Ligand SMILES: [Ca+2]
């Protein structure tokens, strides 16, 4: 059976998503792949295009500075009171936990002025994803709206302030997008690293029993960089029964934990942790 020829365009956020460099080809390949697996042309087809399938490269190439400034005219979700908004941020193609602002209780025009540094691995295809939620004490947090910013729309080292309409979803046919959900105000700067000398990248091993795979990327000219640590696994963890091991990593007072592996003496986590360094750790040793 011959594959149908498909030509398409996607409208999104008042702009043409196909104008995002690299995305057209990526989407085309994704759709081609999906269609090849089908015998019948379907009426609708959901294809995730804003996830890791577009293959962000592994190596950090820069830092995205995000300042979440404020939101305006958010929707009232709480029966008593207004809404208790907070913002979750993440970059597409990353499996890391989302970063969050603080919660502003009972406020439909919250001011955060909170800064985040996100590690960028592929500025051509990665997209900043923002989700605003209404915090709830007991039940699930309500969605107040979302937006995305393709990093390819940013000029390196240039600060950009954006005021974006919050949407229900990225689906341009979603009738709920016609209802106003308020706006979010952001300041974004993408700082690419100048050049990566591979001289200081590579695995390091500690004297600890656990085997840690680590790599350090930094840029001495910029006096800063990124430390990536992957906690892979541990073996023969002590304790006879009911072992629920997790790993803890502390870097300059910043503590992160792996998930807990239930009842195992040989846990395997394979979790990556990212630390942003303001200054090059010229004379520092990594503590275990
Ligand atoms: Ca609430």
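Just so it is clear, glycine is given a Cβ too, placed from its N, Cα and C backbone atoms.
Residues or ranges marked as domain 'C2' in TrEMBL: 41-164 (among others).
Taken from TrEMBL, the feature domain 'C2' covers 208-288 (among others). Model confidence over the domain 'C2' (208-288) is summarised by a mean pLDDT of 70.
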Review point. What counts of helix, strand and coil residues does DSSP assign across the domain 'C2' (41-164)?
Key: 6 helix, 52 strand, 66 coil
